[in-house]
Amino acid sequence: MAFTMQTGDLKKLKYFIDFALENPTFLNMPQLQFVKDFVEKFGGTVPPGQFNGGSAGGKCPFGGVAGAKANEPANAPEDSEDEKSLSDPESDVELDMEGVIEADSDPAQPMGNYSKKATEEEVEQASELRAQAASAYGQQKFDEAIALYTKAIELSPGNALFHAKRGQAFLKLKKPNACIRDCDVALELNSDLAAGYKFRGRARRLLGDFELAAHDLRQACKLDFDEETDEWLKEVTPNAKKIEQHRLKQERRQAERKIKERQRDQRRARKEQEKHNASSGGSSGEFSGGNPGNGNMSDILGAMSDPEVSAAIQDILSNPGNITKYASNPKIYNLIKKIVPGGDVGAAFGQAGEKAGKPSEPKPKKDSADFVDDGLD
């Protein structure tokens, strides 16, 4: 029965035999009963005893742990491990959500016409309205304060502080989204306005956006430090740090996932290539008994079933010199090249190379001295 083995299979077989010679009780494992039967069939014996790994580090050369049951898989495939790792659910970060409120959904408040340039009279009127709004705010009349700030904004829409102070009043009414809208405009008009960062940071804290809140409150402290802002910053910092650490962890996991996906794809590509090479018959590592030549033995045996080929081979084997008779027959001559190692037909049959198998050109015969014309009569 012909079969095909790759060079890598031979290396594994040699390693297996070397290991068995050093650890003969290894052959007593249930998985290797057929090998033990083979040894005993030819008069050999396997020492009794149980293989415990010992010098082999508890590992078998074909994988798995020494002493493992035959029906247990030695190791889970790497691809399965990768699939499990890639599909692991991402953990959620635990935050202290005390003080977080439901977001408001009121229509956007009037923001005024930014392109309008206020007159001196309008600026003065807006300043008076701001004073009235501050008074109403001090009396905790927050709706009234918002209405007065709105009038001041319509008169002088380019005043960033008016928007920030109206945002503060919205904050008191537990309307963080409205506060954020006003603070966004205030910071667009004046990016160095500490009040805009302060009140927007507080609004974001109420919505549970701790990382963004910490960023705003930190910036407010840099621009104009006050104790209330610092207290708010300390309140959000623990949750903000947890979120930042969790985000960095997820970024690392994502990077690792991409690396594992790439490695898995590379392994699969290698396996597919190996399968393709094996199915195409390989080349240098194939043999099935006899002298390995350049061809697949199954093809050679098939050609030998041809009566003409079989007769020619018998003729050559009986007299190697007869190979020259078939130099002009491609079917027979090419088959011989497949059988011969390296395809060197001449060397295989004791001749000086492949050209020896072909009829040599007749060499011109030198003229005898008796017939040399020396030009003399």
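Note that Cβ sites are derived from N, Cα and C of the backbone, with glycine treated the same way.
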Request  = With Swiss-Prot open, pick whichever of S80, S87, S284, S360 is annotated phosphoserine.
outcome  = S80
Folded-back contacts onto the repeat 'TPR 1' (126-159), same chain, C-beta under 8 angstroms, at least six residues removed = 109-114, 116-118, 165-166, 168-170, 172-173, 189
Query = Per-residue pLDDT averaged over the repeat 'TPR 2' (161-193) comes to what?
reply = 97
